[in-house]
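Presented below is the structure to which this report refers.
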Amino acid sequence: MHEVGLFVDLNSFTQLILTLFFVSIGLLYFVKRTAAKYFEVGGGSGGFDRDHRRDFMVSDTAECSVCGKATTKKCSRCKSVRYCSAACQTSDWKSGHKLKCKGFRSTDSSPVRRDDIDFEASLFGNRSASKKTRIALVPQQSQSKATLKPTDVLFPYESFVRYYNWDRPIMAPCGLTNCGNSCFANVVLQCLSWTRPLVAYLLERGHKRECRRNDWCFLCEFENHLDRANYSRFPFSPMNIISRLPNIGGNLGYGRQEDAHELMRFAIDMMQSVCLDEFGGEKVVPPRAQETTLIQYIFGGLLQSQVQCTACSNVSDQYENMMDLTVEIHGDAVSLEECLDQFTAKEWLQGDNLYKCDRCDDYVKACKRLSIRCAPNILTIALKRFQGGRFGKLNKRISFPETFDLGPYMSGGGEGSDVYKLYAVIVHLDMLNASFFGHYICYVKDFRGNWYRIDDSEVEKVELEDVLSQRAYMLLYSRVQPRPSNLRSEESQDEKKTDTLNTESNQDGSVESSGVGTNDTSVSSLCNGIISHSEDPEYEKESSLSASVPVSEEGKEVDVKVDTVDSESNRSIDMEHDSGTDHQEEEANGKEDPTVENLAVDSSCLDITTPSPSAATEFIPQENERSDTESKPLEKEHSDTESNKPLEKEHLDSESKPLEKEHSDTEMIDAQ
């Protein structure tokens with residue numbers, strides 16, 4: 001009799017079991033990776049949630065959390081803490097409860113300002129005890145910000161100075177888990193988390209209530225990130241920000257290796273856009289008011305590009321807003337100071353790279369120099385280590401100091417207070433000088449002055465010597481003292497000082513002609529908060545060494561006002577001078593009348609940004625100038641709106657005899 005059964009191969013059965021086991025593991029891993037894009041994952045998140053919940057667990061007894069008295073009033077945000085009076089509530093919030101219950105605050109669709117919050121206890125003694133009585137924490141809605149005047153300031157500079165000097169100590173740095181090639185984002189978030197004015201603003205005042213964005217907002221998410229990092233004792237995942245990298249920068253993507261410097265620039269630009277959105281956006285806010293945001297106060301500075309023509313001495317100054325400095329490290333430069341010397345070195349525009357001079361209307365040889373017109377409060381310096389090619393990274397060591405003076409690289413010589421202290425360093429680690437892969441770590445200094453080495457989730461306390469010995473990729477410096485506030489009184493004082501110097505120069509018989517004085521005065525407002533722009537969106541201003549001056553009457557002082565002359569007027573003066581048109585001059589009280597001639601400086605490139613009183617005596621007449629006894633001054637035809645121009649005294653030979661006056665002081669001669 002035969003037995004009926006199912007024959008099973010043991011080897012095949014074992015292979016089937018193993019296959020199903022590995023397939024199930026793969027499916028679980030796939031589900032975890034997919035869920036990580038939408039949910040917070042990481043070993044530290046659970047610990048944070050437990051601590052977070054434990055902080056807000058309260059007993060069922062209705063006792064005040066401060067004095068222990070019986071009460072029925074609750075915190076309107078977390079609904080977990082009870083108070084008996086507004087004094088107890090204020091005391092508890094100052095002790096730290098305000099930051100702890102931020103995550104529970106009610107979302108208000110209308111933007112309000114926290115500066116106007118008035119915490120008052122709602123006392124309803126006649127109401128039933130079953131009804132919940134709470135403390136009113138929602139402020140009155142502020143006035144609308146939609147209507148702006150051209151002179152409006154979006155963020156008071158005095159408030160920024162208060163945040164800049166914020167001295168509230170917070171906990172040590174908290175690590176961030178690597179979510180897959182996210183080290184470049186982790187180091188940027190760590191550096192921003194220790195930028196004092198930004199952290200003080202988000203923790204003390206906050207951005208969520210004022211945010212006007214309907215979609216995802218970087219500042220709102222970064223505020224949540226700071227709240228979590230401030231109270232978390234374990235590393236946590238910054239997935240809420242990393243998963244939104246395409247929203248921060250168009251070419252950034254999650255899971256790819258990216259450049260930390262590129263992300264830093266995108267993040268700063270995004271925060272600037274968010275600040276402008278509170279007032280209607282970049283298209284609504286006037287250009288002058290756009291320079292008065294919190295982000296502009298923190299990272300914004302002004303870069304000056306000065307080009308001087310060697311043929312006509314025309315100087316063109318162009319100003320550009322900067323959020324960071326990117327310097328070359330090629331050549332023999334081995335220190336940060338030498339790199340900045342190369343950055344601000346004079347460059348000759350010649351050969352195939354001639355300069356198109358508007359005054360000469362031709363391509364001529366010129367001298368170009370970059371300098372810092374206005375130093376930012378937070379200076380971010382990126383060293384260009386990545387060159388062309390997959391193995392083109394420059395791994396040479398560039399020394400950098402802890403205390404850094406930016407004064408020698410300022411166009412005006414600095415204000416004497418341009419001293420910075422190092423507070424963050426970003427380092428890129430690689431193999432074989434590869435530029436297409438690597439790992440980012442950072443060193444940050446907390447608000448107590450302690451240095452930490454942060455490698456994703458690993459945080460280690462280090463000494464300053466270890467920081468200064470690194471091959472840095474990015475350096476973040478903060479000013480020892482914040483930049484002085486921009487006051488219009490300072491600008492008026494500068495103008496008054498300029499007029500006083502010109503008047504004294506007239507009394508001494510040596511009147512100077514320079515269009516740079518007004519250029520510097522008008523740009524002085526760019527350095528601190530309110531920026532005065534010209535009609536040109538590129539902030540381009542041109543100054544000239546040629547001008548016209550009205551003839552002064554006998555016994556009266558010559559009123560000299562510094563002004564700039566555009567390229568069109570310069571060309572018209574040149575044409576009149578070439579046509580040989582002559583005018584008459586007179587002698588009054590033993591002094592020659594003011595005259596105007598085209599003067600050319602030496603072929604060497606002079607730094608006209610900071611003119612000295614003796615600089616005017618170094619001018620050399622052009623070749624087409626007539627001899628001392630035959631030369632006749634050229635006088636520009638006055639328009640109805642023409643103002644007084646600075647004059648340049650003509651040096652005549654002692655043997656020359658002045659011509660007699662044939663026309664009155666106010667008579668105009670046709671140059672045609």
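Just so you know, glycine gets a Cβ as well, placed from its N, Cα and C.
Over in Swiss-Prot, the protein carries these features:
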ACT_SITE  His439  active site, proton acceptor
BINDING   Cys64, Cys67, Cys84, Cys88  Zn(2+) 1 binding site
COMPBIAS  488-499  compositional bias 'Basic and acidic residues'
COMPBIAS  500-527  compositional bias 'Polar residues'
COMPBIAS  533-543  compositional bias 'Basic and acidic residues'
COMPBIAS  553-594  compositional bias 'Basic and acidic residues'
COMPBIAS  606-615  compositional bias 'Polar residues'
COMPBIAS  623-666  compositional bias 'Basic and acidic residues'
DOMAIN    174-480  domain 'USP'
REGION    484-672  region 'Disordered'
ZN_FING   64-101  zinc finger
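Sequence features annotated in Swiss-Prot and their locations in the structure.
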residue	record	CB count, 10 Å
Cys64	Zn(2+) 1 binding site	18
Cys67	Zn(2+) 1 binding site	13
Cys84	Zn(2+) 1 binding site	20
Cys88	Zn(2+) 1 binding site	22
His439	active site, proton acceptor	17
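Of the chain residues outside the Zn(2+) 1 site list Cys64, Cys67, Cys84, Cys88, Glu63, Ser65, Val66, Gly68, Lys69, Thr71, Arg82, Tyr83, Ser85, Ala87 have their Cβ within 8 Å of the site's Cβ mean position.
Across the structure, Cys88 (Zn(2+) 1 binding site) and His439 (active site, proton acceptor) are spaced 49 Å apart at their Cα atoms. DSSP assigns Cys88 (Zn(2+) 1 binding site) to a helical segment in the three-state reduction. If you take the Cα of Cys64 (Zn(2+) 1 binding site) and the Cα of His439 (active site, proton acceptor), they are about 51 angstrom apart, rounded to a whole number. Per-residue confidence over the zinc finger (64-101) averages 75 (mean pLDDT, predicted model).
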